[in-house]
Amino acid sequence: MQFPPVPPEVKSIAHFMKVAEEHEERNIVIAYWARMFAVQRAMNMIPNKKPPEVSKLLIAIMEWMETTKKENLNNDGITNETTAHALIEQHALQLFAYGDAQDRAANFNKNTIKAFYTSGILMDILEQFGELSEDIQGKRKYAKWKAAYIHNCLKVGDIPIPGAPDEHLDNVVHRADLDHDDNTEEAVGGTSTTPPDAGIPFMPSQPSTVTPQPSVSPPSPSSPYIPPANSYTAPPSLPTSTSSVASLPPEKIKKAQKFCKFAESALDYEDFKTAVDNLNKALHLIQTGEEL
């Protein structure tokens, strides 16, 4: 659907409209909630009477959302916020991992910028489902900084440095605040904000019943976890004795349950490596009382 242009008064929602447009054919869940967030953001920016052009855009979006919801009554990602949260978060983390792997392999190109950029925008969209976890907040800040950092380096002919900066992100991220960085949007190719299909699995538009998963528990933003490209590392061996079980406090029991839920969600998408990794984390925690 062709929407009216984004007026200057609500310029910042263009990020979300752009991501929605790029995902509409391949992932209606992301398109739907990206536009929902755009409406919410615009309403918050202008809480009272809105200029005619803003009202025209918001009405068009809401009409599209109403039609889309009626056409997707059996899609849990549209009708259930918990499922939507899980699907969008998982996709954002996949993009983040892709961008991070490309960055550390010194593949500095538009696809790497796109992955970080889109991941950061998707994490913004997650705000409509509640407060972001510290993990997601850190990854969002890192993704936005990294997208602008690589873009700026390539723009002036510098070679980007792979990985996280030596100094704390709080001291550098202000230079790359994507909420107001039009140059970074240009770097990801205008309206194109999605890396190629290769190496990046996308969520299906019509998901089966999904158990919402928690955020993956990676290191802090200063050293994000990067899975080796196109390789599989066998999980660490675990104690074979099932009788060796640690006495766990409630918070660690909850952590083990989260690992199991994440493994179950990974199986829904036949992501066997992630499922095995998380099951091993749960077993190790139960048997030793310590996280891997």
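Each Cβ is built from the backbone N, Cα and C atoms, and glycine gets one as well.
Whatever TrEMBL says is automated annotation, not expert-curated.
Quick caveat, the model's predicted, so the values are computed rather than measured.
The following features are taken from TrEMBL:
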COMPBIAS  205-214  compositional bias 'Low complexity'
COMPBIAS  215-227  compositional bias 'Pro residues'
COMPBIAS  233-247  compositional bias 'Low complexity'
DOMAIN    12-155  domain 'Vta1/callose synthase N-terminal'
DOMAIN    250-286  domain 'Vta1 C-terminal'
REGION    182-247  region 'Disordered'
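Looking only at the domain 'Vta1/callose synthase N-terminal' (12-155), the predicted model's pLDDT averages out at 97. Counting residues per DSSP class in helix, strand and coil order gives 120 helix, 0 strand, 24 coil for the domain 'Vta1/callose synthase N-terminal' (12-155).
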